[in-house]
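Per TrEMBL, the features are as follows:
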DOMAIN    19-293  domain 'NADP-dependent oxidoreductase'
ACT_SITE  Tyr56  active site, proton donor
SITE      Lys86  site 'Lowers pKa of active site Tyr'
BINDING   His119  substrate binding site
Amino acid sequence: MVIIPEISISSCQKNMPVIGMGTASSHNEADDETTKAAMVDAIKAGYRHFDTALIYGSEQLLGQAIAEALHTGIIKSRDELFITSKLWCSFADKHLVLTAIKTTLRNLQLDYLDLYLIHWPLKLLSQEIRQIPFPKEYISPIDINSVWEAMEETQVLGLTKAIGVSNFSSKRLDEILSFAKIPPAINQVEMNPLWQQKELRQFCKSNNIVVTAHSPLGSKGTKQVENRILDCDLLKEIAKNKGKTTAQVSLRWVYEQGVSLITKSFNKDRMKENLDIFDWSLSSEELSKIDKLPQRKGLFLNTFMEPHDVVLEIDAEI
């Protein structure tokens, strides 16, 4: 079993494994038993960080997988795991945050989270809307001051060990930092060799915010972006020279930027391959070449929310 390096995060006594297992959209890709089994397999392979969210529909299955891993002795204690979940936009209101995290904890069968993130910097005005794209009449700006105050309360109450954000720009992080009593520990954003987020990473580094890369091999639901990464001639050439896969080169590059990352595969072999990035490195020449790759983001909020000023602003910022 691979031992995954850990990274310290602010305002939290517990370190975070630098690689997490993502669970986004898993409910749509496989039946419940297959999904749960994949999560158990991931624990067996060495994954200790699991990334979920209320909107993913995977919290209950992850909770079942954790319970099974404990019951069968794969892990001895829940404390061996680092569990991240996210506040969905329809709960992005000060008086709803505690309700949301308590629902998440019930789904996961846990007493606390290790990390709780604001999923997107916007608010949805109804919890009943399920259609995609989300109608623009239900989209609203977020009152980040009051919502962050409620996020801080979740940490003070011990419902989570740390708090942070997802898909936030430097501008929006700067706003939180201007009033936060507990600053964001994490900003989880799309990042890979073809969308390197250099300016945002520098801002986060300067403010002691750890960047977590989601979509390190491409964006969920945008297969052409994943193909663009895995078919990148430069990455394929580096992989061939090193006897690695193109995916491993991409993940290693992300890791060498000093950030953490979320990977996702329900295939046992690929799960293990995604962890095999720690006993080798990229050369300065290889890093220099990757640094010059053309940049284009893959994940756009307006693919699952109707065009709205708030949505377009977020897409333009990150």
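Cβ coordinates are placed from backbone N, Cα and C, and glycine is handled just like the others.
Note: TrEMBL annotation is automatic and uncurated.
Quantities reported herein were computed from a predicted structural model and do not represent experimental measurements.
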Field: Other CB atoms, at most 10 A from the CB of Lys86 (site 'Lowers pKa of active site Tyr')
entry: 29
Distance [Cα-Cα, Å, rounded] between Tyr56 (active site, proton donor) and Lys86 (site 'Lowers pKa of active site Tyr'): 10
Statement: If you measure between the CA atoms of His119 (substrate binding site) and Lys86 (site 'Lowers pKa of active site Tyr') and round to the nearest Å, you get 5
